[in-house]
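Q: Can you keep this structure in mind? I'll have questions shortly.
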């Protein structure tokens, strides 16, 4: 193995560049080093002005997502050695506006997420004083997969529909809506359906499936969206085609 | 309610018209979607066939004759390839898009996949019998 | 619950996708290759009897309409996302309108033969 690897990092300094430009760096190549370690090495040893987000370095916080060789990845979980002999191309997460270097503006996602009401909605006044909500292992299993989302937004970067149609509410938000819909404690399905049945909701999705491929937590947003379409269609048929007596 | 957000100036990247040629999965996706053109074409072809058959022996013979022209054979061969792509991808995606439960248990994806190919075989055999043998 | 037309279009799109995947390949192999190239040779009288039965005609119409909606719906999004034609309303009108014209043509063909 070589003892160093080339990293081509996209830089964007609003005061200096009119558009993002690739800049080449050389970093030590060690088996245990991730792309994030490479970036930290650049910042510590070569150019302290390089800006990027990171926090936990263990795939939990979801803040170090970037496009590595064109593929949205958590840089703390992507090893430099997998790209040897290099170069490793590091770009800001696709489909989001770039603020500086590898930092993207996530305002759009932050505005979309609460639209699907990703929290438990109750129609009664039960409080914690009345005791816990009991949930069986089966009831937990029903939504558990969708609850693993860490809001890293890799799925938004992988989704061509979101890139081309910024109105689309997007993969993670819909997967989270599904997570609460499937929760036995929740009563908010109808409220979320009213949001997601709009054309900016689930219908923009054309099942490219890339959101699921890139998800580091195996949440399967693509599956969630298709299931949501089916649910929306079933509810519509029930509400508008079936005679009243047959509706549930 | 959510706190007010400060908008920061930012650089908006553009997506080129050929965004789908650089990545295999995007390319396959667009090819899969383009199969819709050939689905529509084969519906038209099917209707032309029905009209020709109903028009009598001579019109039917003319139709078969025209169908052996190189142009039509190529168009139909390309169309069939796209149609196979549609069938394969559609079957593969169905278990991902819906959850079937039988007796409280989730039907595994491989079983749903196999069931669809069985359906394809049964329907194909039936139509073959209807057109050729019955 | 709010009424939205898209869920119904999507349901028909899905139904048409199933029909195109299951019924269309064998029909194409037969009508576009096996019959014209003489791999099989059913008599014209037999085929005529087949297309003149009401069962065949109703079945064909029931298969054709969802397939047309399927093609129109899919092509609409391909044009919009794949080719980035941003005239949303125009594209939708052309696609669904085209499907409707073809569905009417199918109705005419299948009722007059």
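Each residue, glycine too, has its Cβ placed from N, Cα and C.
According to TrEMBL, the protein has these features:
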DOMAIN    A:7-96  domain '2Fe-2S ferredoxin-type'
DOMAIN    A:140-169  domain '4Fe-4S ferredoxin-type'
Q: Tally the residues of the domain '2Fe-2S ferredoxin-type' (A:7-96) by DSSP class, grouping H, G and I as helix, E and B as strand, and everything else as coil.
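A: Summed over the domain '2Fe-2S ferredoxin-type' (A:7-96), the classes give 19 helix, 27 strand, 44 coil.
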Q: Do any residues of this chain, six or more beyond the ends of the domain '4Fe-4S ferredoxin-type' (A:140-169), have a C-beta under 8 angstroms from a C-beta of it, and if so which?
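A: Residues packing against the domain '4Fe-4S ferredoxin-type' (A:140-169) from afar: 59-63, 65, 67, 72-74, 93-96, 106, 108-109, 112-113, 115-116, 175-176, 178-184, 195-196, 200-202, 204-206, 208, 210-221, 224.
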Q: How does the domain '4Fe-4S ferredoxin-type' (A:140-169) divide up by DSSP, counting helix, then strand, then coil residues?
A: 19 helix, 0 strand, 11 coil
